[in-house]
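Chemist: Below are the features I grabbed from TrEMBL:
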type     : residues : note
TRANSMEM : 17-34    : transmembrane segment
DOMAIN   : 21-433   : domain 'Major facilitator superfamily (MFS) profile'
TRANSMEM : 54-75    : transmembrane segment
TRANSMEM : 87-106   : transmembrane segment
TRANSMEM : 112-133  : transmembrane segment
TRANSMEM : 145-168  : transmembrane segment
TRANSMEM : 180-202  : transmembrane segment
TRANSMEM : 246-269  : transmembrane segment
TRANSMEM : 289-307  : transmembrane segment
TRANSMEM : 319-338  : transmembrane segment
TRANSMEM : 344-363  : transmembrane segment
TRANSMEM : 375-397  : transmembrane segment
TRANSMEM : 409-428  : transmembrane segment
Amino acid sequence: MSSEPPTSTVRSATRKAALRIVPLVAVMYVISYVDRVNVGFAAQTMNPDLGLSTAAYGLGAGLFFIGYVLFEVPSNVVLHRVGARRWLARIMVSWGVVSGAMAFVGDETQFYVVRVLLGLAEAGFVPGVVYLLTTWFPAPVRARMIARFIVAIPFAVVLGAPVSALLISHGDGFLGLAGWRTMFLVEALPAVVVGVVAYFALPSTPERASWLTAGEREALVAALRAEEGGVGEHGRSTVLAALRDWRIYVVSLIGFASNIGGYALSFFLPQVIAELSRRFGNQVTLGRTALLTAIPYAVAAVALLLVARSSDRRQERHFHAAVPLVAGAVAVAGALYLPSTALVLVAISVAAAGSYSVLPVFWQLPPRFLTGAAVAAGMGVAGGLANVAGFLAPYVTGALHDATGSYRTGMFVVAAVMLAGAVAALALRKRPEFRNQPVAKTVVKTGEERA
């Protein structure tokens, strides 16, 4: 794919688009991620109330990803047909309603059911937003725009950890609910509200953007079409074309490796920190645990933006994925052997930075060999398979903890997968389509292209 530097007119158009689109989708992702992982903050009080073992909790946390993965591709195909604005708004409102239902679960089975339903409701959100961004931003700036969206993940934990702890600690008795139930109910409301806002505020395609000048519209559309290599009339015409492309599965392994580290931290970091605090004789409180949990994610937010900026400037993706994964793997494997909470936090911060800074690079890879509607289908495949890690990470980590009494074995498994992802990133480096050269792409036509 050609990645010529954008003209001043294209830069002007992308600056305007960035102000209109990126802050809103980032806020949407903050809400999404908080609603997805706030179960990790609830676990310390929810598990005893519901009678959940660590393995049962890990299974329930991971069941979110069953529905999420199964409906990732269908969701993105529908998004391509009906438009990003309407479909992303629908996703937000529905997951807000289901997330609020977590406040009323009464046993292990209900916990499992609601987690599956939450995954179904949220399926397609992240690849849908990334697909939207690919329809607005040319390749030379796309990783940075995706990074500004994905930075919502660490920011969600930095914000969500203290807010969740506050709601759990001080929400006890609100409407007769336990504190953890109050947390789920209150944190579900923003999804519904912002979903309605997104329906009216998300912009359409560049061709229909009235806030761009005619020259900006023409230049931006021309730049985006030039990147497609002019192969839109010669591609295949079914979603199966993307499903049969082996490259999407190698790319998925990179995302899987990134996600397994990220989700292992998201679902278990508060409990790991509490366990470490007890081991080293420190006070264990929800507030202290929340504060310490936020530190690695603040580091990850900075690393994510820096790696994406470097990747765009150099137009290099593979080492920008492999190096963070290797660093994260080493940090994950060694973290729990360190002799103090402070040193463990340093290692976990490196692990978080390594996991999350890969994501903007990962989402840049499918457009290198897919175009048109195939990008939507391919991103659904890559996102869905990568998010299988969201099921395996908490379940395997929880089961190994119950079997061994420690998180160490689980962290070794996570580290091994991250190293495999680094190998996959480097293996793709020799392919011509990943070296900024125009190549034939798979095209999948599923309907009229509307955002």
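Each position is counted from 1, following the chain as shown.
Using N, Cα and C of the backbone, Cβ positions are placed for all residues, glycine too.
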Chemist: The transmembrane segment (344-363) vs the transmembrane segment (246-269): three or more C-beta pairs under 8 Å (separation of 6 or more)?
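Modeler: Output yes: the transmembrane segment (344-363) sits against the transmembrane segment (246-269).
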Chemist: Do any residues of this chain, six or more beyond the ends of the transmembrane segment (17-34), have a C-beta under 8 angstroms from a C-beta of it, and if so which?
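Modeler: Contacts of the transmembrane segment (17-34) (Cβ under 8 Å, skipping residues fewer than 6 from its ends): 88, 92, 95-96, 122, 125-126, 129, 132-133, 136-137, 145, 148-153, 155-157, 159-160, 163-164, 187, 190-191, 194, 197-198, 201-203, 206, 209, 211-212, 220.
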Chemist: Take the domain 'Major facilitator superfamily (MFS) profile' (21-433) and average the pLDDT across it for me.
Modeler: 86
Chemist: Test the contact criterion for the transmembrane segment (87-106) and the transmembrane segment (246-269): 3 or more CB pairs under 8 Å, pairs 6 or more apart in sequence, then answer yes or no.
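Modeler: Contact between the transmembrane segment (87-106) and the transmembrane segment (246-269): absent.
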Chemist: What stretch, picked from 112-133, 145-168, 180-202, 289-307, 375-397, has the most CB pairs under 8 A with the transmembrane segment (246-269)?
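Modeler: It is 375-397, which has the most Cβ pairs under 8 Å.
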Chemist: Looking only at the recorded stretches 54-75, 112-133, 180-202, 289-307, 375-397, which one has the largest tally of CB-CB distances under 8 Å to the transmembrane segment (145-168)?
Modeler: 289-307
Chemist: Decide whether the stretches the transmembrane segment (375-397) and the transmembrane segment (180-202) have at least 3 CB pairs under 8 angstroms, with pairs required to be 6 or more apart in sequence.
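Modeler: Stretch pair does not touch.
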Chemist: Could you pull out which residues elsewhere in the chain have a CB under 8 Å from any CB of the transmembrane segment (54-75), counting only those six or more residues past its ends?
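Modeler: Residues 36, 39-40, 43, 47, 87, 91, 108, 111-112, 115-124, 127-128, 239, 243, 267, 377, 380-381, 383-385, 387-399, 401-402 contact the transmembrane segment (54-75) from elsewhere in the chain.
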